[in-house]
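K.L.:
Can you keep this structure in mind? I'll have questions shortly.
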């Protein structure tokens, strides 16, 4: 037991030790950052500070030289700290991965080559040039030599774009970004104004900065605030500024006026975009109330009904209830739509009794098909006798099951209850058919989810357990109401899907066996038919010559008989009549008897030849007739079998 306990303790400690080793052991030589991960986003936010510092402080120190001389050590320290951040940003640029065919590239040699060939590398190197060495020639109080640090501004734009995509309030962020740009512009203009006043002479005229010998305008704070205020008046086109008297002053004001026009246009345009985007968002979230109100006024709807509509809209806006979720989420992929819908509606579905023990996949299918609906106080959700096309799930609120008078309440339904499933389940024996069996009225403001008959049927096909539970619940309700007809048990039983599949598989196997047999029979019949045709062809090869010879002999015999009849005259005919009239007596024969005997023998020969020819003809005709009858029979058999095969294939 001790050994086992020690083994368990070692196993429990090993994962912790492994985690510590993984966190401590980082191979910095092969370290690569992913542009989509949190570290890269945080680093971009950090880079905003040194970039803004250079944009604001360098010009400030150049124009307000008193600040430069007084806090020189502080400025130099901050300058080189910012340079250190710039160097680190360049190193991170060499180790920033990129996607190729959807896979992050981590090969340092490839990353180095790609970064060196990018335009960003040139700007980064130019911003790190040691222009501070010019201090040796121009003096330490010339911070303008660090103007190349402005070339790192591209990272500022990248950071602001990333922040705009991540923030939950993009419109507010756009306004703040615009104000930042305006502040920097006014700051630069104030510094240039102070420097121009120094060039012309402080207090030389009312337009320039007053004389700094005056204690009131001598402090650096007063100098900066006065210049910033003066610059704001010019750039915002407010006016009320002293009239310029010198050419330099006129040129400065002209340049500021042109810049002010651009600034004013950008401010107005940006604010217009923000307002329009907010309006579009509201129109997507909530129905357009103005259109509905205009329609109600044009149609002269009663004030009572208009008040109900206005109360409904007001309830949506005050409580931030969105009824168009599917339209808002349709731009997302199906997996994200499902995840969002589950996170929003799963608590409601979990309260429904029929869905508490269901599979997660069933809930995921249902949440995408639910349609939110909001009902006002006293409004009927459904009435008894109406045709039902959907069922309802109560998300929030109270609904009453009332009598036909609208006052008597039979029951009160709360969160998680559902109703309307009886009219869309097609329960056998339901006397009401697909019509509503009760009146449901909202007591207060109620939030419901509706599920159409088509969507429910399609979903429950794959989940027979939930379907049986719903049907059983519906039967119980119909039994209590006395609206369920008694049916045979065989009719009441629902065949399981698995049994249907097995039965269909068995039928399919039987049909396949029959089809194979029919194909074999067809092949055998075809072979037999070919053999019979070949035999008939062999038998009928010599029939043409025989038939021709028989016909020619018959013609010759007929001609001979005609010649003999013409030569004998009528005597022979009279003798034949006398023979027919008188009985023949044996022993009384003359010489004529011998001719008659010879003629009878010839006629017998001719008759025999004709008989043989006729027999041959009849035999040939019978063979041909038999052949055609066999062919017709085989064709009928073949056609019947083909029709049978097509029927079996169609049924399969």
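Cβ coordinates are placed from backbone N, Cα and C, and glycine is handled just like the others.
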K.L.:
Which stretch, out of 40-60, 103-123, is listed as transmembrane segment by TrEMBL?
P.N.:
40-60
K.L.:
Find the average pLDDT over the domain 'Cyclic nucleotide-binding' (354-468) in the predicted model and report it.
P.N.:
84
K.L.:
For the domain 'Cyclic nucleotide-binding' (354-468), what does DSSP give as the number of helix, strand and coil residues?
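P.N.:
Helix, strand and coil residues of the domain 'Cyclic nucleotide-binding' (354-468) number 26 helix, 40 strand, 49 coil.
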